[in-house]
């Protein structure tokens, strides 16, 4: 029996599948395709974060929404953006494939982006005025199209990119997800460093033209390398529908069976009297044990989405000046991106290789990395709460000063905005451990035909986190009318209480994650190790050398040993 490579701590159980005659691209072609996909993601994230960076300010100062409505609108938009990937995943897996979904979504995205500068344009210089109701309608329509477009891209671009290097081994997949998240944050960093400044200090019209051009560049980066890309077989029917059919057949077969099987889903197997083959039943098991593990991510994303909402409300009322230069209020999100840009290479090039080298002494599982990411996010929002206490204390002592921001004047504290750096940096570091690791876990542990849909479900947790934040705003607003936590002017409110409430909610989700991770570990082993003899036989047949595996046919990664990551 072949032994696993000791250095590769994520060596998966492998199963050989054909690709319906599809010729696998050479390693060089695969890497060209991956580079283009990474830069495509950079441009798309530059587009999205250019829109979300100052969304709250534009809703307040240009469309006339009050602070709570603008806060709710920002959270609902960011939530919807991460909820639509479920539909994008279904469209890719069931109807038109990942590449076509990416291209179609990009076109919808571009139309939405084109509407934003038309709303932000200064029509008074032409002697006309855009009615506020019409402006709101055009702007919201643009946001809806953007949410639909980014949903189709987000659910497929990571899985499509990983698909390009699937035949190069598990190490390449892990590296792809690590660098994929790095490119995301290069794009967001550019948005917060430059585009947010242009929107605040020059004009929103110019600031919205940049994302409109950026999304067109992203579409071009999908079209140009198409001959170098490996495309999956044409979808045939809905794999999500098949999943529900397997579950239904398992329930009906179990009631008529005289046997006692290890899992209720085993009753759907043909060999046990059901109607479905073993690999489809196994894939259904993999998806169902993943979904509960995704739920605690709601708490992480609830805090993450404060960067463009409550953290921005706090920044508006702090000193934005650095000498004679004035920072954009949204610019501190740059330190979230910088944390990822700095920490990601450190982990990939230094920390993880050392862990692999001394694996017998030190092991950091994927699940432990996710838990650490949750904890860092919680510390971030606690720091934000204590900073708010200090900000208001200084404001009460000094009286503050008037600060104009995008056409509106705020009474700001003399505390400098740079004091927000720790809370943004901690969320960024938490992302490296929680979000990118979660992507890797989902990709490696679900069947190939359900990867996009499952990734869509994972991304929907971000949307639910935003919706939860919006719900908490509404609940707090209704429950604190006598002494508001979030009034129109937060200088007279208690934003710090809201931050501590968020920390408590996220802690509850972390405490839920701990037993779920242990349950997942046991369920994972029970479900997949039953198939290890088949996988080991296949692995032994083709040898332990990755080149032998590639020459024998395409490789579908069934799962990885997440405990050894």
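Every residue, even glycine, has its Cβ placed from backbone N, Cα and C.
Keep in mind that what you see is a predicted model, and the values were worked out from it rather than measured.
Annotation source TrEMBL lists transmembrane segment at 70-90 (among others). Counting residues 6+ beyond its ends, the transmembrane segment (70-90) has Cβ neighbours under 8 Å at 48, 52, 55-56, 59-60, 101, 105, 143-144, 146-148, 150-156, 238, 240, 301, 305, 308-310, 313, 452-457, 459-467, 469-470, 473-474, 486 in the same chain.
Same-chain residues lying 6 or more positions outside the transmembrane segment (102-121) and placing a CB less than 8 Å from one of its CB atoms are 44, 47, 51, 58, 62, 88, 96, 130, 135, 138-139, 141-153, 156-157, 160, 203-205, 207-209, 211-212, 215-216, 218-219, 222-223. Positions annotated as transmembrane segment by TrEMBL: 102-121 (among others).
The transmembrane segment annotation in TrEMBL covers 133-153 (among others).
Here the transmembrane segment (179-198) has Cβ contacts under 8 Å with residues 38-39, 41-50, 53-54, 158, 161, 206-207, 210-211, 327-328, 330-334, 336-338, 340-341, 344-345, 348, 428, 431-432, 435-436, 439 of the same chain, all six or more residues outside its ends. Here TrEMBL flags 179-198 (among others) as transmembrane segment.
Summarising the annotation, TrEMBL assigns transmembrane segment to 204-224 (among others).
For 287-307 (among others), the entry in TrEMBL reads transmembrane segment. Within the chain, the transmembrane segment (287-307) has long-range Cβ neighbours (under 8 A, six or more residues past its boundaries) at 75, 78-79, 82, 243, 247, 265, 332-333, 336, 373-374, 377-378, 380-381, 384, 424, 427, 430-431, 434-435, 438, 441-442, 445-447, 450, 454, 457-458, 461-466, 468-469, 472, 499, 502-503, 505-510, 512-513, 516-517, 519-520, 523-524, 527.
What TrEMBL records for 327-354 (among others) is transmembrane segment.
Summarising the annotation, TrEMBL assigns transmembrane segment to 366-387 (among others).
What TrEMBL records for 424-443 (among others) is transmembrane segment.
What TrEMBL lists as transmembrane segment is 455-475 (among others). Outside the transmembrane segment (455-475), and at least 6 residues removed from its termini, the chain residues within Cβ reach (under 8 Å) are 68, 71-72, 75-76, 78-90, 151, 154-156, 158-159, 291, 294-295, 297-306, 309, 438-439, 442-443, 486, 498, 501-502, 505.
What TrEMBL lists as transmembrane segment is 495-516 (among others).
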Interface present between the transmembrane segment (424-443) and the transmembrane segment (327-354) (three or more C-beta pairs under 8 A): yes
Stretch-level contact, the transmembrane segment (495-516) and the transmembrane segment (366-387), CB cutoff 8 A, at least 3 pairs: yes
Chain residues in Cβ proximity to the transmembrane segment (204-224) (below 8 Å; excluding those fewer than six residues from its ends, i.e. six or more beyond): 36-37, 39-41, 43-44, 46-48, 50-51, 54, 58, 62, 99, 102-103, 106-107, 109-110, 113-114, 116-117, 120-122, 149, 191, 195-196, 198, 406
